[in-house]
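Peer 1: I'd like to ask you about the structure that follows.
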Amino acid sequence: MISTPEPLHAGHILTPFCCGVDSIDNWLEQRAMKNQTTGASRTFVCCGSDSNVLAYYSLASSAVTTNTSPGRFRRNMPDPIPVVVLGRLAVDKSLHGQGVARALVRDAGLRVIQVAETIGIRGMLVHALSDEAREFYQRVGFVPSPMDPMMLMVTLGDLVESV
């Protein structure tokens with residue numbers, strides 16, 4: 001059984017999390033709690049019954065220039081465009097192929113929609129680390145940047161429609 005996403009705290013066990021990508025595994029262990037404490041990003045984790053992290057994602061605020069954004073994303077927007085960055089998203093190898101990543105994107109989308117009721121946000125942005133990740137994000141509604149196909153975005157309106 002896996003828990004619903006909750007904010008990372010000191011009681012969570014970060015090792016032996018292994019998604020198969022060293023940089024993402026290492027970020028969870030070495031940076032996630034520091035960023036949580038300083039406010040640089042917020043990490044949300046799903047755990048097993050023993051508080052071991054089995055999946056996670058992080059969110060941070062940012063902005064993108066209009067020339068790096070797809071047409072619908074930049075239409076009628078200031079430069080730069082306010083966004084939330086889906087900074088990391090990973091699922092332990094033991095849960096690959098079970099829809100957990102898609103559920104994490106949905107949860108992140110719901111949080112972004114909630115935040116957008118308080119502050120101005122155009123949508124969510126992600127930097128895919130591989131072609132496989134890029135294809136996944138495109139399947140869940142993200143559109144690639146015209147300047148960088150590994151940077152993908154989804155508008156707030158599309159998030160609302162998809163969740």
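Using N, Cα and C of the backbone, Cβ positions are placed for all residues, glycine too.
The annotation active site is assigned in Swiss-Prot to Y137. Residues or ranges marked as acetyl-CoA binding site by Swiss-Prot: L89, V91, H96, G97, Q98, G99, A101, R102, E132, R139.
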Peer 1: Check the DSSP secondary structure of L89 (acetyl-CoA binding site), expressed as helix, strand or coil.
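Peer 2: L89 (acetyl-CoA binding site) sits in a strand per DSSP.
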Peer 1: On the Cα atoms of L89, V91, H96, G97, Q98, G99, A101, R102, E132, R139, which are listed as binding acetyl-CoA, what is the maximum pairwise distance in Å?
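Peer 2: Between the outermost Cα atoms of L89, V91, H96, G97, Q98, G99, A101, R102, E132, R139, the distance is 17 Å.
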Peer 1: About how far apart, in whole Å, are the alpha carbons (Cα) of L89 (acetyl-CoA binding site) and Y137 (active site)?
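Peer 2: Between the Cα atoms of L89 (acetyl-CoA binding site) and Y137 (active site), the distance comes to 11 Å.
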Peer 1: I'd like to know which of these binding-site residues, L89, A101, is least surrounded, judged by other CB atoms within 10 A.
Peer 2: A101
Peer 1: Tell me the Cβ neighbour count for H96 (acetyl-CoA binding site), meaning other Cβ atoms within 10 Å of its Cβ, over all protein chains shown.
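Peer 2: Result for H96 (acetyl-CoA binding site): 11 other Cβ atoms within 10 Å.
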